[in-house]
Amino acid sequence: MAYSAPRGTVDILSDNSGQWQQLEQLLRTICANYNVKEMRTPIFEHTELFTRAVGDTTDVVTKEMYTFEDKKGRSMTLRPEGTAGIARSYVENKLYALPEKLQKYYYMGPMFRYERPQSGRQRQFHQFGVEMIGLESPYVDVEAMVLAVTVVEALGLQDITLHINSLGDEESRDAYREALKKHFEPVIKDLCYDCQQRYEKNPLRILDCKVDREHPFMNDAPHTIDYLSENAKAHFDKVCELLDDLEIEYVIDTNLVRGLDYYSHTVFEVISDDPKLGAGATVGGGGRYNTLISELGGPDVPGVGFAFGMERLLIANSDVDAEEDGLDVYVMPLGNEAKDLAMQIVTMLRANGFTCDMDQCDRGLKGQFKSADRFHAHFSMIIGEEEVKKEVVNMKCNHSKEQNEVLLENIVAFIEAHYEGGHDHE
Ligand code: HAM
């Protein structure tokens, strides 16, 4: 039987892992800049966490979760997103009791959604996410958005737009829910079964429907922004004012509602028109969630955050050259005795912090030089019978083509002197 990776999953082969590491490093550096610390939560959680946090009428919960029973019959789910786990951990570890009222976390890792795979959409994919928990202030919404914009700018992504909207507070949402119900009432029987359920339980989710997307009543559905309470409007106006002051470009997208239930007030998405992703692809999105922490049993503490799909960031950024650093030394033994010595030398060099490797295939010089080339080795270190006898090695600098016989005990000093002498050939 030939085994293949499950549909919607991808092997990140070693040719590509350099690009991933580069992206991860960049994201870590930006987070350090923003004083955002890493949090790592489990890849699976109790199913009820997601049902409660993400919402039992969302597509993510009703159609896309990888749910299984463990050996004790408990229902577990592979995380479809990161916010619920972070919020659960925040409550469970009583992080609200820390002296610093605003806690800022980031995470990176695999998420799982049973979706139809296509370019930029997988069943196991990776998210980079940020959660800022503790304050209701619009300044924090804007800090999160600026961080998101910093990421796409640092990656040099083209044709990017920040879309923002407000869902308002509870008062606004109640008013909006009524307006939506009134709007869809005359046609609810024509809508799909799911929408009829949504109509009863959570009419906002009708707007995500993929089946009834083209229905004429979808287009002229009321907008959340027209139902904002005074407080919610003041919050949103301040967000816009702060973005203006910082000269961050954005568009107010009154159709933006997001597909997860925990949002209130500000929601936003970073949309790319890069043809590699397909026009209008969402690279990342997020928003404020003021009741999530209390719904999970914590105190009344608000939060705001976002997540990017890392595959999408990489697709949009695929022009960036992720040239790997080469080896310092590739050790090329000829014969068994030389191989024994080579093993000692690579171990010693690695212990001294040099990146190196040796030929393990007992090949002739030609094949070994080809490997040195492929690994972009700065030095080829040739060890033949003669060298073993004389207790030396032959160091060839692959940049200057200079060749030197070096005593075994002088190898480290020789490499250091070579680099210090400006021979790092960067
Ligand atoms: P989301 O919009 O569901 O939000 O996902 C965020 C991003 O993850 C998407 O914009 C997309 O780039 C990527 N993504 C989602 N599904 C897939 C998939 N099947 N394949 C590839 N990429 C995908 C959230 O998950 C929220 N937790 C964001 C958030 C954080 N809100 C507040 N804090």
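Glycine residues also receive a Cβ, built from the backbone N, Cα and C atoms like all the rest.
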Record-annotated L-histidine site (TrEMBL): member among ARG74, ARG113, ARG116 besides GLU81, GLY82, THR83, GLN127, GLU131, ARG258, TYR262, TYR263:
ARG113
Which listed residue (THR83, GLN127) has most other Cβ within 10 Å, given these are binding-site residues:
THR83
May I ask which residues of the same chain, at least 6 positions away in sequence, place their Cβ under 8 angstroms from the Cβ of ARG258 (L-histidine binding site)?
LEU167, VAL267, GLU269, GLY285, GLY287
Site extent for L-histidine (largest Cα pair distance over GLU81, GLY82, THR83, ARG113, GLN127, GLU131, ARG258, TYR262, TYR263, Å):
21
